[in-house]
């Protein structure tokens, strides 16, 4: 008989691992041991090289056949920074909260699901856990590597629950059924350096860049739709490496980000922006990096089942939302329908990050009901 780990105790053990991306510091082995004890076959994959690696990923599988429910999460954390009231990697329970880096994002969620899967071992179909050590970093060697391995093994989940902290005020108030896409762009306008007293012998790139920025700021990308707010362009940096007051600079740069909804594809937005820039300065250089496409999981079996489990345990009917930043769900949506649900996110990435002990236990009960609903 499997003795299920206590979710809070397991979360504390994981928090004690200084798994700042891309370091693991033993977190994967702790999870692997717990999952093996619960009857899972565990695969540990190491990918990549410094500076973004090596990264350790975990794939645990139990059972076989349809349906296949996957849980996805990450064990890496962001740097702790300064100003904590206690050591961020010495887990502490204070006033009913588990305090430590990763308590919210997202070691407690991973621990809650492992505990739930350890309690409910006799099920039909397939249950898997896909845990990466590279979500907070570039994600180059994380979830994409897991998906590559699954494809090589011809393993395809039917549904995926991502345990990111989605709750806002109370556990269960918000479920993410989609995410906006994100593209970063860099614009360079080249001029001709010269003395400010002789502008006829120079070409100032700053006014040209200013016109480009003004045009982009006035660009209405869309008005949003049923699931998404309007797409948004933000200028995040303007640079001109010139400290002299009597020199017209030779180069001006801008950096911007577009968070876009499912009405767009990243490449189409990049192409449209390049055309707008070229209309003002055909010689301007534009570079782009698309970090994720927008996606939405329509209401159906996955959203309904998770919402029902939340309502049963909390009395709350969650709101479906696509707000916030990107997550690894942007990769997993290529495999199957994806929904994200987890703890209250108020302190994630903050000093004295903390999760309610009762919320961790309740999350584990919700996870168990989700497993039962799909695989019972």
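Backbone N, Cα and C define each Cβ position, glycine as well.
What you are looking at is a predicted structure, and each value in this text was computed from that prediction instead of being measured.
Copied from Swiss-Prot, the annotated features are:
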- 76: active site (ACT_SITE)
- 135: active site, proton acceptor (ACT_SITE)
- 74, 105, 164: Zn(2+) 1 binding site (BINDING)
- 105, 136, 349: Zn(2+) 2 binding site (BINDING)
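Residue 135 (active site, proton acceptor) sits 6 Å from residue 74 (Zn(2+) 1 binding site), taking the C-alpha atoms as the reference points. Of all the recorded positions in the record (76, 105, 164), the one with the smallest CA separation from residue 136 (Zn(2+) 2 binding site) is 76. Residue 349 (Zn(2+) 2 binding site) counts 15 other C-beta atoms within 10 Å of its own C-beta, drawing on all protein chains shown. Distance between Cα atoms for residue 349 (Zn(2+) 2 binding site) and residue 105 (Zn(2+) 1 binding site): 7 Å, as a whole number. Within 10 Å of the C-beta of residue 136 (Zn(2+) 2 binding site) we count 22 further C-beta atoms, all protein chains included. Take the mean position of the Cβ atoms of 74, 105, 164, the recorded Zn(2+) 1 site; other residues of that chain with a Cβ within 8 Å of it are 73, 106, 109, 135, 136, 163, 165, 327, 342, 348. With a cut-off of 8 Å between CB atoms and residues at least 6 apart in sequence, the same chain places 73, 105, 106, 109, 176, 327, 329, 340, 341, 342 near residue 164 (Zn(2+) 1 binding site), listed in sequence order. Secondary structure at residue 349 (Zn(2+) 2 binding site), taken from DSSP and collapsed to helix, strand or coil, is coil. Within the same chain, residues at least six positions away from residue 74 (Zn(2+) 1 binding site) with a Cβ under 8 Å of its Cβ are 106, 110, 131, 132, 133, 134, 135, 136, 142, 328. Its own atom aside, the Cβ of the residue listed as 'active site' has 28 Cβ atoms within 10 angstroms in the protein chains shown.
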